[in-house]
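Below you'll find the structure, written out as structure tokens, and then a few comments.
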Amino acid sequence: VAALELRSVDLQSPRNNKAHHTQEMGLRRLIVRRGQPFTLQLHFNRPFHCGTDHITFVAETGPAPTKLSGTRATFGLTQARQGNVWSASDFTIDSNSLFVSLFTPASAVIGPYTLKIDISQGQGYSTTHPVGTFILLFNPWSAEDDVYLPSEILLREYIMMDYGFVHKGHERFITSWPWNYGQFEEDIIDICFEILNKSLYFLENPSKDYSQRNDVVYICRVVSAMINSNDDNGVLQGNWGEDYSRGVSPLEWNGSVAILRQWSARGGQPVKYGQCWVFAAVMCTVMRCLGVPTRVVSNFRSAHNVDGNLTIDTYYDRNAEMLSTQKRDKVWNFHVWNECWMIRKDLPPGFNGWQVLDPTPQQTSSGLFCCGPASVKAIREGEIHLPYDTPFVYAEVNADEVIWLFGDGQAQEILAHNTSSIGKKISTKLVGSDQRQDITSSYKYPEGTRGPGDLGGSHHRLLLSWSGGGSKGRGRCTRRERAPGLWKEQLLIFLKILIRGHLSGKQLALEPALVGWEKHFIFKIEPLVIEVCIHIGGITYILEVRIPGKEKPLGLMMMIVMTVSILMTKKIQWPLLLPYNNYRNKLTDEKLIRVSGIAEVEGTGRSILVLKDISLEPPHLSIEVSERAEVGKPLRVHITLTNTRTVALSHCTMVLEGSGLIHGQVSNDLGTLVAGHTIQIQLDLHPFKAGPRQLQVLISSNEVKEIKGYKDVFVAAAR
């Protein structure tokens, strides 16, 4: 009998990829998930004989594959599968072809594999034949995998959905930013493994790194470190200033695909620039691509507590200017991170499920700028001793906020001690919807109640308790409203306060209108800057209007000196007119203004801090599609923008993006849009993937960096 020789191989990629939920990544190459069989067809020079022909499969990954490290597997042909191990079984013979089912264990190392077979007859010599290559991913559909998620609805959202929303703004005015994750674009899977191969762990010890790629906790920590570039040639360079001239403003990204492709094309040079929502959105793309259920989460009024005392201290002088300190503690208007779904075998029972991962470089963890995974359940129960970085995340949603009045070289009094102002409106995209879901209750028990692990009775509340007043009669009021529109000629603001009862030993209620004792007020207007969230103002006896930058004020706009006496039953209002021209060129990225002031009560020496945030609305972008969307057929898109400003928008550019609708991006120069005028754009798209899709549109100009819109489109399969 002639020696058995392999003539050809059919990896059956279209069939296997569809069964493994990877068909969106393409059908030309084999991409499968661990813990699930896939079928191959081997075509020989003659029929395969079970008794005399012996086939051994060899699967290898990594630079120096070994069986001991889990990067090399050898397994023979058997009739039935042998448990959760590498196996080749359930074979059938059809003429010169052998159909065989290969199974990879649910604990296998993920990554690109080479597959070959050794053929021998009896005791004779063996010959080796290459079979092909395949990529192995995590499998959240497999009950044996550590990322198993037993809900098809949730899997459609957290693995298969290639677009979504990032929630930004502040707690009373939350905006939803569309984002193109694009995890199924054909080259993204290769870039994801390129990211792993450029990590410091790989560069230090490639074989050891590969051997740990079966562990989802390890992969998450590596990716968290590699999305930022603080330690390595990570994907994104952060920039929290105002100068983005050497790169792209974080506000001008539509999705992850362009960022990842630029990073890869430039040999792993960090892409400029990112902020928290960009870091988190790109990590969501990578983790979903690798097969880990992932979502993007926004925490409003998020604490950055470096020293671990669960208290954020802020200091102001008597001019109501916030004082810079050596401490890096701060309260961010919002912060964005990720949650990944997994079993935590390294933790005690009860802490599986969603885990916080934060790729924004805030502090080091085991020597690298990464954060997590921290169990959301552990955060809720106060089990801050559990790895990884749980105390830091716990503080982000639970820290106290203490505002001090500083003078004569020392802190003189507490203006506010807020035990419930941190960790508000924790948000993510609602499953199967464009709406926002509030998930605060998964991180903390309702304010005013204590959970089993609440730290309120121990080291959490180190300072005196405070509840809207107290024995010294101090209070704080924060009111946030949406202004009628940014692009008006001027902004009219009313700051209203109500004080009831005597100030000594009684609770203060701060409400609309002002009634009460003789007082002197000063208010300052400043924008609330994202990521810093501490632009506060107001000077006793003086009204001051200032638009600051993130590092220093950009210029005083208005100052008024006033002294006001108020009788017990008298109400007064001071309208403050802020002309548009005074702030048009001084607003920061997030278009927020904070009205704030300190009221000092004569004869008592006590002060009251008052805050009010106003969100300014950009022009509205309208997107419509006129026909039924179908693969391979032109789809007409209508985009309309009206310039509601009093000045022209110059050097307008438009960028369109949407996985399955557009290959890469489409960019157009729109020129200048005159004040009060409307521009209408029509263009044709050519959808190439069926199913639910999202078109993202970004229009930028010299005056406004981000006018964003989106349109959900369902694309029918070609008829």
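Using the three backbone atoms N, Cα and C, a Cβ is placed for every residue, glycine included.
Database features (TrEMBL):
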DOMAIN    268-361  domain 'Transglutaminase-like'
ACT_SITE  CYS276  active site
ACT_SITE  HIS335  active site
ACT_SITE  ASP358  active site
Please work out the helix, strand and coil residue numbers for the domain 'Transglutaminase-like' (268-361) from the DSSP assignment. 15 helix, 40 strand, 39 coil
Active-site residues compared (CYS276, HIS335, ASP358) - highest count of Cβ atoms within 10 Å: ASP358
Rounding to whole Å, the Cα atoms of CYS276 (active site) and HIS335 (active site) are apart by 6
Determine, to the nearest whole angstrom, how far the Cα atom of ASP358 (active site) is from the Cα atom of HIS335 (active site). 10
